[in-house]
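What Swiss-Prot annotates here:
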- Asp124: active site, charge relay system (ACT_SITE)
- His154: active site, charge relay system (ACT_SITE)
- Ser307: active site, charge relay system (ACT_SITE)
- Gln94, Asp132, Leu165, Asn167, Ile169, Val171: Ca(2+) 1 binding site (BINDING)
- Ala255, Tyr257, Val260: Ca(2+) 2 binding site (BINDING)
- 97-360: domain 'Peptidase S8' (DOMAIN)
- 1-24: signal peptide (SIGNAL)
Amino acid sequence: MRQSLKVMVLSTVALLFMANPAAASEEKKEYLIVVEPEEVSAQSVEESYDVDVIHEFEEIPVIHAELTKKELKKLKKDPNVKAIEKNAEVTISQTVPWGISFINTQQAHNRGIFGNGARVAVLDTGIASHPDLRIAGGASFISSEPSYHDNNGHGTHVAGTIAALNNSIGVLGVAPSADLYAVKVLDRNGSGSLASVAQGIEWAINNNMHIINMSLGSTSGSSTLELAVNRANNAGILLVGAAGNTGRQGVNYPARYSGVMAVAAVDQNGQRASFSTYGPEIEISAPGVNVNSTYTGNRYVSLSGTSMATPHVAGVAALVKSRYPSYTNNQIRQRINQTATYLGSPSLYGNGLVHAGRATQ
């Protein structure tokens, strides 16, 4: 219920993305309207304020709509509107990806644990068809790109780290037997919005995903996004997110939320990557430098970034879910944290380097 489609009431975020207006006074921008549950519906908002509703969330009390400055001003005065925020841009956490053996994945594989039965939603630029990947399904929340096919490469790269097939070609993913779902929330340029990400989370909830990988981020917080994250957590989904690539303190959203495992990146020596954002929200670390994985055009490329570290953790989460099917999202999270290898300062490395072998014992 956070961003775009179906929800109820008013509140949250302003558009972030484009908007070529006609008359300045009539220019419309996208906002996320957070409302009082049961008090306001998209229909009542349309009728009372004559606004263009794009989406009403089902799981959270948020309406995604286009508003003029005059409409925005009126809505802010509505006592049933808790917040209104711009539908801010969300971008890829990437620089320019090795780490399967580094996190001791082979120990899990040697025990016959490959991720069978775990469902992982990759919220990204989509996933391209590739001989080293098996896509179980998906959806697109980019209006100009109705297919979940990846036209960028980032999502395909992330997907390969999670679950590239054990088929003797290309690369091997952390959980090669996990079910991958391509949820496109970023366009061909690697840009999306708070609304598209919230819709992707909502899709994951409605389609019973176990794990959500979010190798993306925004520097600004969002009531809508936080609502969606909390709803997914309550639905039993483990969310994993990229900390960011600024090299400075200040973890990106949604990774900064307590409902998301914030992932930092380390190099081949187990040292924090120079670009890896740090702060008290960091929960776990994983390989994120020169990571080789699947890419568009049936290719393989090496990329670096916390975007590349995050799917290592999502993959280990899939292995744990496969090893312990009855585990809740919180139990999986606790297992990963308790079995990590200590690396140093928690603000840099969190609980340490994720360890697939110990996590699946």
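Positions of Cβ are set from backbone N, Cα and C atoms, glycine also.
The record gives Ala255, Tyr257, Val260 for Ca(2+) 2. Within 8 Å of the mean position of their Cβ atoms, the other Cβ atoms in that chain belong to Met214, Val229, Leu239, Gly241, Val251, Tyr253, Pro254, Arg256, Ser258, Gly259, Met261, Ala262, Glu281. Asp124 (active site, charge relay system) falls within a strand segment according to DSSP. The Cα atom of Ala255 (Ca(2+) 2 binding site) lies nearest to that of Ser307, taking the recorded positions Asp124, His154, Leu165, Val171, Ser307 as the candidates. In three-state terms derived from DSSP, Val260 (Ca(2+) 2 binding site) belongs to an extended strand segment. Computed over the domain 'Peptidase S8' (97-360), the whole-number mean pLDDT of the model equals 97. For Ile169 (Ca(2+) 1 binding site), the spatially nearest entry among the recorded positions Asp124, His154, Tyr257, Ser307 is His154, judged by CA separation. Long-range Cβ contacts of Asp132 (Ca(2+) 1 binding site) within its own chain (separation 6+, distance under 8 Å): Gly160, Ala164, Leu165, Asn167, Ile169, Gly170, Val171, Thr294, Tyr300. Considering only the binding-site residues Ile169, Val260, the Cβ with the fewest other Cβ atoms within 10 Å is that of Ile169. For Tyr257 (Ca(2+) 2 binding site) paired with Ser307 (active site, charge relay system), the C-alpha to C-alpha distance reads 17 Å.
Cβ neighbour density within 10 Å is lowest for Leu165 among the recorded positions His154, Leu165, Ala255.
When the neighbouring Cβ atoms lying within 10 Å are counted for each of the recorded positions (Asn167, Ser307), the highest count belongs to Ser307.
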